[in-house]
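According to TrEMBL, the protein has these features:
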DOMAIN    1-128  domain 'CMP/dCMP-type deaminase'
BINDING   42, 43, 44, 45, 46, 47, 48  substrate binding site
BINDING   53, 86, 89  Zn(2+) binding site
ACT_SITE  55  active site, proton donor
């Protein structure tokens, strides 16, 4: 199943996380509509505000290559627990998600939850709201 492949890719990306301050390593994998996968990890900075989360790293890589629709995103943080995206990442996911986008929260290689954007960010403010 493609969800397990995404979780596996996110686990691999987590190995590259640069988290010397929090030691909280996160990996993410974005699946585009045409099946391309972009991965990312969190990258911390001594100036904490300059830190970038794994989800945004993966999404920004996809967007920088011309992909602006997320079919699914897998996120893996602490081993044996589900890691949800932070508020900023939820908003960035909302920018590139569709009603069918799946957010996969991986616990390990075989255990994961599948959520929708509305489940993790109900009432999201999106580009649709700007046209009202």
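Even glycines carry a Cβ here, placed using N, Cα and C.
What TrEMBL says about a protein is an automatic prediction, not a curated fact.
Annotated features taken from TrEMBL, shown on the structure.
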| residue | record | Cβ contacts under 8 Å, 6 or more apart |
| --- | --- | --- |
| 42 | substrate binding site | 17, 18, 19, 24, 25, 26, 51, 52, 53, 54, 57 |
| 43 | substrate binding site | 17, 18, 51, 52, 57 |
| 44 | substrate binding site | 18, 19, 20, 21, 22, 51 |
| 45 | substrate binding site | 51 |
| 46 | substrate binding site | 21 |
| 48 | substrate binding site | 21 |
| 55 | active site, proton donor | 26, 28, 40, 73, 75, 85, 89, 92, 93 |
| 86 | Zn(2+) binding site | 53 |
Around the Cβ of residue 47 (substrate binding site), the count of other Cβ atoms that are within 10 Å: 7
Additional residues around Zn(2+), ordered along the sequence, whose Cβ is within 8 Å of the centroid of 53, 86, 89: 54, 55, 56, 85, 87, 88, 90, 92
In three-state DSSP terms, the structure that residue 53 (Zn(2+) binding site) belongs to: coil
Among 53, 89, the one of these binding-site residues whose Cβ has the fewest neighbouring Cβ atoms within 10 Å: 53
Rounded mean pLDDT for the residues that make up the domain 'CMP/dCMP-type deaminase' (1-128): 96
Number of helical, extended and coil residues in the domain 'CMP/dCMP-type deaminase' (1-128), per DSSP: 43 helix, 36 strand, 49 coil
Other same-chain residues whose Cβ falls within 8 Å of the Cβ centroid of 42, 43, 44, 45, 46, 47, 48, the recorded substrate site, in sequence order: 18, 21, 50, 51, 52
